[in-house]
Amino acid sequence: MTKYIIITGGVLSSVGKGTVAASIGLLLKNRGYKITMVKVDPYLNVDAGTMNPYMHGEVFVTDDGAETDLDLGHYERFVGINMYSYNNITAGKVYFEVIKNERQGKYLGQTVQIIPHVTDQIKSMIRYASNMANADITIVEIGGTVGDIEGLPFLEAVRQLKLEEEEGNVVFVHVALVEFLKVTEEIKTKPLQHSVQELRRIGIQPDIIVARSVVPLDEETKKKIALFTNVKPEYIFSNYDVNMTYEVPLILEKQGLASKILSKLNLPDNQPNLSEWIRFIDNLKTADKEVKIALVGKYTKLKDSYISIKEAIYHAAAKLHIKPVLVWIESTDIENSKEAIDKLKSVDGIIVLPGFGSRGVEGKILAIKYARENNVPFLGICYGMQLAVVEFARNVLGLEKAHTTEVDPNTPHPVITLLDEQKKVVQIGGTMRLGSQKVIVKEGTLAYRIYGNIEVYERHRHRYEVNPEYVDLLQKGGLVISGVSENGLVEMIELKNHKFFLGLQGHPEYKSRPLAPSPVFIGFLRAAAGV
């Protein structure tokens, strides 16, 4: 029978629930338990696909093509398991199913209400995700903060879940901020106390508290929290500041969090093997050979917009034992500022990041031109690959007004155009070419040397493609088409006689993990570092 760990959050959002949930998953998986994860997002969007990255951060794409919350990326990277569409439950999905059921007469004439119909649907979706994974333990992270009006049905649903499950099958872990005042050097616990009081009003008593803090909690602070939250001090843990999020599982393991959770769930506490994880962190900490990488994009003011790419760089860097220095460059700045262009002169490699729309496009093209002309290792991902084709068409083939029809529908040289299957699509959400797609790699190319296989799979998220009508012209001009889909779509492009120049329509960052880095990022960093 599946056991459940419910993660709630208090005081404020972005308090680290996702990292704590992923860390618990890692620690329990390393003890031999089969784990699955569920992220509950109380927003009314059906998925994260139509959200602005500045509002919500990266959209993480799963193998089955779901456009999900970035926390699912944390889960995959930490726990080392694949997530699917059913691992991300949103209020939009829940209400959509409830209304559909009502229209189909499945409620037999009942008045459809939040309780029981919405809460039953939430529980059903949690249990479905658990059953699909045949999990020993399902970790459910409730997005948002206790007290948010949109989160109330979800908290009520997990309260009911505990009531319905056998004793010892459900554990509540509450993650909340405790503020450290530098002026008085005091830790203030009152906001955490109030968040637990709010949780208890809903009918949920946390079994374990993880306090997010700048510094480790002392015993007196734990006793104070215990007094006001009805949680014993030995079940209060400190998630304090560390140099990198990958250290969080280790500090929680050192405090005994996983062991306490297992005791609450009446499960054996096996000895974990974290040696590979520790080695990965040590490699990052002890690396001293610096390599400067420019990341050129339109959402660089919020680094979470590209979190999987950032993490994929660190995964590959640990493998190569080098120290990456990330130089974030807003692509619009390159269009308007000589200083931004000058930044490119100091880097060892350039990544042109994915994105949509016209803003910052010319800046990205200038960055690609610089990389091509100056033999700087270049990696273009999704839109970055498409714009590399545009740059090549303009500046090598002499098609001065070449463009993507996404930006200029009337371009005389539409080297990038809408996929055939997208031309009749009206709805925006969930309609792109999504998920894991097979790529056939040409032997003797850079891509083949990187992957070492003729057939590879990468996750995709796009509507546009390299225009098939221009493929012959591009190849005659010197562009290498090193990877295609099963039906002939251009998937990978590269240049001969260049240190490293590779563009991919897919997103290799989504499959990169600390202990299994993406070969694309390994190849790129190896070229940038000269190792």
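Note: Cβ is positioned from N, Cα and C throughout, glycine not excepted.
Here's what Swiss-Prot has on this protein:
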type	residues	note
ACT_SITE	Cys382	active site, nucleophile
ACT_SITE	His507	active site
ACT_SITE	Glu509	active site
BINDING	Ser13, Asp148, Ile149, Glu150, Lys188, Thr189, Lys190, Pro191, Leu192, Gln193, Lys224	CTP binding site
BINDING	Ser13, Lys188, Thr189, Lys190, Pro191, Leu192, Gln193, Lys224	UTP binding site
BINDING	Ser14, Val15, Gly16, Lys17, Gly18, Thr19, Asp71	ATP binding site
BINDING	Tyr54, Gly355, Tyr383, Gly384, Met385, Gln386, Glu406, Arg463	L-glutamine binding site
BINDING	Asp71, Glu141	Mg(2+) binding site
DOMAIN	292-531	domain 'Glutamine amidotransferase type-1'
REGION	1-267	region 'Amidoligase domain'
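Feature annotations (Swiss-Prot) mapped to structure.
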residue: Ser13; record: CTP binding site; Cβ within 10 Å: 10
residue: Val15; record: ATP binding site; Cβ within 10 Å: 20
residue: Glu141; record: Mg(2+) binding site; Cβ within 10 Å: 28
residue: Ile149; record: CTP binding site; Cβ within 10 Å: 8
residue: Lys188; record: CTP binding site; Cβ within 10 Å: 14
residue: Pro191; record: UTP binding site; Cβ within 10 Å: 15
residue: Lys224; record: CTP binding site; Cβ within 10 Å: 19
residue: Cys382; record: active site, nucleophile; Cβ within 10 Å: 22
residue: Gln386; record: L-glutamine binding site; Cβ within 10 Å: 28
residue: Glu509; record: active site; Cβ within 10 Å: 30
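The two recorded residues Lys224 (CTP binding site) and Thr189 (UTP binding site) have their Cα atoms spaced 8 Å from each other. In the three-state DSSP reading, Gly16 (ATP binding site) counts as coil.
Max Cα-Cα distance over the annotated ATP binders (Ser14, Val15, Gly16, Lys17, Gly18, Thr19, Asp71) is 13 Å. Here Gly16 (ATP binding site) comes close to Val175, Arg212, Asn239, Val248: these same-chain residues lie at least six apart in sequence, with C-beta atoms under 8 angstroms from its C-beta. When the Cα positions of Ser13, Asp148, Ile149, Glu150, Lys188, Thr189, Lys190, Pro191, Leu192, Gln193, Lys224 are compared pair by pair, the longest gap among these CTP-binding residues is 31 Å. The secondary structure of Glu406 (L-glutamine binding site), as reduced to three states from DSSP, is coil rather than helix or strand. Spread of the L-glutamine binding residues is 23 Å (greatest Cα-Cα distance among Tyr54, Gly355, Tyr383, Gly384, Met385, Gln386, Glu406, Arg463).
On the backbone, the CA of Glu406 (L-glutamine binding site) and the CA of Cys382 (active site, nucleophile) stand 13 Å apart. The shortest Cα-Cα distance between Tyr383 (L-glutamine binding site) and any of the binding-site residues Glu141, Lys190, Leu192 is the one to Glu141. Most other Cβ atoms within 10 A: among the binding-site residues Ser14, Gln193, that distinction falls to Gln193.
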